[in-house]
């Protein structure tokens, strides 16, 4: 009888062991995200081969476009703001009048066009639509060194212009007081439907579609191995690209790392993390940024995500007004550059906008949206990514094995601790709490972001981490 019990116990242990081994090793199996082969051009896909030519591109605007803009600015109707309302109700129209006055009387778009055209730009057709990108090679390379290709992807309501201050720090670090151990060749595409990239003409163009298009772009440019960097939508597009082509991406650097698949441990850490931080792998800085969670997490998300709800449901409706009114467009975009740079800026009548940015840079970004007429298509990207709900798509369930570096800026709207990020990005080789800065890191704190990218790539290269994926 006892020997029978012993055999049964042994069987139980064997079954348990098999289950444990199965889970341990089945998790190790690297599942990739399928490349999304789409056709986003007008009408039916033609039978002919796609023209893969890479054509030079320059930003150009006509006098007609500019006179139309000034007519609209002249005819703007402003609403009186509530007294002492600062930016609590959104963009304050007292300050907006000042912006519009500057736009009409001092802002020199032609000079900014020259700034935009100082870096080489190109267009090429991929999956039926024209893709615009900036491609900057190093002015000079140290002896025996080759440039490392780096794909940098923007988000909403930004543009490729966000990277104009960081590009020289990465392509010519030595001239800017940084180590030139690693020098980059930088490729900044415009997400389809943003800036000068053609908008998809069909439904369902989401982050995986964009990642597939950019993967094709990098291969077309001759880059078989490359690094990728992103924040905002760039975070998700580059994450998807790491899931599609893990053997081609040497490293992934993010200045935003959101986790959409929340499990039981996440929820428990929200409830108890403030009191038992060590138990959930939280550091003091995590606790400081996250708690009290109702105020710094839930309430903040509710307060700041109204735009996302509109754009994820009815982007074309609100987009009509923004595409028709440059002042409306400016009000909508400037509010994000205020709040997402520092939430406390909503207590200021000017939204703190000129504390971290200058009006020339802010208006250049707005003008990219205006002259390309892309605000509606840029907003549709929310619907394409969120219409199925959060946590429902395959890429949200898959992990990322590519070596990952995360620069965590203190004024980012929602903080993701390393302990949470680790569940998604299983190979985090560098996670840094940045000393200052918010959502638009490349434009706001280019030096800090460049230094973090350089040290991350240094680690990956030194230990050849991509070969150990």
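Glycine too: its Cβ is placed from the backbone N, Cα and C atoms.
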Range annotated as transmembrane segment - as stated in TrEMBL, picked from 254-276, 277-299, 300-322, 323-345:
254-276
List every residue in the same chain as residue 382 (active site, proton donor), at least 6 positions away in sequence, whose Cβ is under 8 Å from its Cβ.
156, 308, 311, 312, 315
Number of helical, extended and coil residues in the domain 'Epoxide hydrolase N-terminal' (54-163), per DSSP:
37 helix, 26 strand, 47 coil
Please list, in sequence order, the residues in the chain of residue 232 (active site, nucleophile) that are at least six apart in sequence and whose C-beta is under 8 Å away from its C-beta.
154, 155, 156, 158, 256, 439
I'd like the Cβ neighbour count for residue 439 (active site, proton acceptor), meaning other Cβ atoms within 10 Å of its Cβ, all protein chains included.
22
